[in-house]
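Feature list (source: TrEMBL):
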| type | residues | note |
| --- | --- | --- |
| DOMAIN | 1-72 | domain 'Kringle' |
| DISULFID | 44-67 | disulfide bond |
| DOMAIN | 84-155 | domain 'Kringle' |
| DISULFID | 127-150 | disulfide bond |
| DOMAIN | 165-239 | domain 'Kringle' |
| DISULFID | 211-234 | disulfide bond |
| DOMAIN | 251-326 | domain 'Kringle' |
């Protein structure tokens with residue numbers, strides 16, 4: 001997703017010239033210090049934050065070479081990937097009714113959301129969702145209308161799962177894996193249920209008869225119109241790479257499986273209290289602590305720099321994770337600043353009070 005490939009988690013294992021990569025858990029034929037990469041097999045990676053993906057080779061005459069991994073191209077400036085648009089970082093600046101949005105740092109509408117107050121994503125007058133509302137919104141330039149929701153369409157990639165359980169899936173698949181037609185969520189026929197009041201911030205009718213996961217099940221599912229089959233799971237493909245990158249600066253939408261910090265320290269599980277007791281206020285919208293395992297996250301948007309985690313090192317309470325952006329013209333600049341900060345923080349004692 002990025003030029004440096006820092007977030008790449010694929011399985012390409014040959015260099016650009018066709019040489020086979022050496023396993024990261026091996027010191028032969030080339031010894032190295034990236035011992036924390038032992039679970040990456042022999043896949044192309046960029047643990048040194050170099051200019052491109054690379055690997056050591058099994059050829060004793062060639063210590064390492066770059067890999068040829070194409071950059072994904074997803075334009076997320078005009079669509080959202082999650083139901084409430086927390087991920088959205090585009091430039092739509094009009095409400096659903098056509099009103100022009102007010103700049104977040106201007107008036108006439110007074111408010112508490114200001115870019116300089118740890119709200120890095122509040123840019124210009126673009127539609128955003130800083131308070132985790134039902135959808136993207138903005139204050140309007142109409143003195144008589146304080147705010148309105150914005151209309152930002154769903155990205156095509158929302159038709160795949162950004163996380164293993166698909167808790168944030170809101171695509172339009174309406175048949176189960178066995179091709180049973182889904183029952184509408186606002187209907188009690190032929191199967192009665194407790195989801196008619198709505199979920200995920202929307203009414204049941206707005207979910208129509210689409211596959212969903214409102215109860216933190218193992219994958220999206222639906223009740224069926226077949227009176228003899230109460231419910232079935234849906235067969236929805238995983239998104240190929242978008243879950244291993246972030247679409248906003250704060251990265252609160254990230255649901256990938258990165259489980260090590262920027263400097264390779266394994267992450268502590270979110271549902272454990274050793275070696276570090278987590279902030280009791282930490283929560284994950286539409287999910288549980290245990291479901292997030294020990295993956296890098298930014299719960300409650302605590303960090304303005306992106307996903308992080310508590311570590312298993314008793315001497316290091318938490319560290320940032322290096323999660324790249326999916327796309328965007330300013331991402332390289334922000335990634336450079338982010339990497340510079342991390343590099344400096346490795347050599348200078350910096351205490352940042354998250355909690």
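Glycine is treated like the rest: Cβ placed from N, Cα and C.
Taking the features listed in TrEMBL, we show where each one sits on the structure.
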| residue | record | contacts (Cβ under 8 Å, 6+ apart) |
| --- | --- | --- |
| 67 | disulfide bond | 12, 14, 15, 16, 21, 44, 52, 53, 54, 55 |
| 127 | disulfide bond | 85, 88, 90, 92, 93, 94, 95, 101, 136, 137, 138, 150, 152 |
| 211 | disulfide bond | 169, 171, 173, 174, 176, 182, 220, 221, 222, 234, 236 |
Going by DSSP assignments with H, G and I as helix and E and B as strand, what are the residue counts for the domain 'Kringle' (251-326)?
6 helix, 12 strand, 58 coil
DSSP helix/strand/coil residue counts for the domain 'Kringle' (165-239):
4 helix, 14 strand, 57 coil
By a simple count, how many Cβ atoms lie within 10 Å of the Cβ of residue 44 (disulfide bond), its own Cβ left out?
24
DSSP-wise, what's the residue breakdown of the domain 'Kringle' (1-72) into helix, strand and coil?
6 helix, 11 strand, 55 coil
Taking DSSP as the reference, which of helix, strand or coil describes residue 127 (disulfide bond)?
coil
Local backbone state of residue 150 (disulfide bond), from DSSP in three classes:
coil
Return the average pLDDT for the domain 'Kringle' (84-155) as a whole number.
77
Residue 234 (disulfide bond) CB neighbourhood, other CB atoms within 10 A:
24
